[in-house]
Amino acid sequence: MTNIRKTHPLFKIVSHSFIDLPAPSNISAWWNFGSLLGLCLAIQILTGLFLAMHYTSDTMTAFSSVSHICRDVNYGWLIRYMHANGASMFFICLFLHVGRGLYYGSYTYLETWNIGVILLFAVMATAFMGYVLPWGQMSFWGATVITNLLSAIPYIGTTLVEWIWGGFSVDKATLTRFFAFHFILPFIVAALIMIHLLFLHETGSNNPSGLISDSDKIPFHPYFTIKDILGALLLILILMILVLFMPDLLGDPDNYTPANPLNTPPHIKPEWYFLFAYAILRSIPNKLGGVLALIFSILILMLFPLLHMSKQRSMTFRPLSQCLFWVLVADLLALTWIGGQPVEYPFIIIGQLASILYFSIILLMIPTVSLIENKLLKW
């Protein structure tokens, strides 16, 4: 009798995706982050569902409902902090996953890469709207500042902002719709992940050498299932250390003050994972220019396949490109730091230099160095 796993229409899909999938034998721990992102999404959807059972999306009661979850709901504090810190873990995994793709040239799988960039935007939108829901000071002012950026769009800007707000300021209508969108978006993200995997399985995974690995494939199960379980355990360990020992480490103290439209916090800043983009936005004095730079700082990822000049796919055997890659990483860390600093000397000029360096490395330096490496190889 043929194995049901290979004949049943539903089990067959699972089997082809997670059991019999031919995977390169040499993929390193950097290939673990895809499954970890799936785990993060599952944690976020589950904890979010339980939070939504007790949360009220009304300006009068939102803040106190979150307080009620933490004080009165059984293990509500645990669910709330798992959700908040789970978002941070999600973005850490996202950045490492994207970084892996850049380093090893995975962006040459065009469809997979572009869907991935769309996924990044979707997750960022979800996280932004989620940050507004507790209705603390930083929630309110963060929502006001970021949505207000759309007013930089010529002609339709102001109308667009008021349409998104559902009034003339961030208020009850804004909070209600943000809650609705925050609830639905993770499921859209899950659907996009399916498409992401569909395209990935058309080509198969890349590997650290960047070479075709058809001659040396091994089954996904048991080799990579056990490897993914190890990664998952480490992720959960780090998450639970964060949640149980330092739940507010990555949060903002201002968000423990209820939203007050009459009192602006001294330093308005988003969550830590948006700070690099926020620093790029602030480094340009012009409003529209800043918004365009902000969008392009993420959208630039889509240009990587076009800017790939090297005759090799991966950076494994390209030491000059490796140096530039790590300079880019350092630059992003510098931007993240600057994004959290007040707008004053010397932070303004550091932010501007870091922003220029960010775009220069990607648009100019990496392609140029790739061409030099081609020459050095005498190919």
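Heads up, the Cβ atoms here are built off N, Cα and C, so glycines get one too.
Here Swiss-Prot flags HIS83, HIS182 as heme b b562 binding site, drawing on similarity to another entry. Per Swiss-Prot, the feature heme b b566 binding site maps to HIS97, HIS196. Swiss-Prot lists HIS201 with the feature ubiquinone binding site. The transmembrane segment annotation in Swiss-Prot covers 33-53, 77-98, 113-133, 178-198, 226-246, 288-308, 320-340, 347-367.
Location within the structure of each feature annotated in Swiss-Prot.
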residue : record                   : contacts (Cβ under 8 Å, 6+ apart)
HIS83   : heme b b562 binding site : GLN44, THR47, GLY48, LEU51
HIS97   : heme b b566 binding site : PHE33, GLY34, LEU37
HIS182  : heme b b562 binding site : GLY48, THR126, MET129, GLY130, LEU133
HIS196  : heme b b566 binding site : THR112, ILE115, GLY116, LEU119
HIS201  : ubiquinone binding site  : HIS16, SER17, LEU21
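Long-range Cβ contacts of the transmembrane segment (226-246) within its own chain (Cβ-Cβ under 8 Å, at least 6 residues beyond either end) map to 29, 32-33, 35-36, 39-40, 43, 78, 81-82, 85-86, 88-89, 93.
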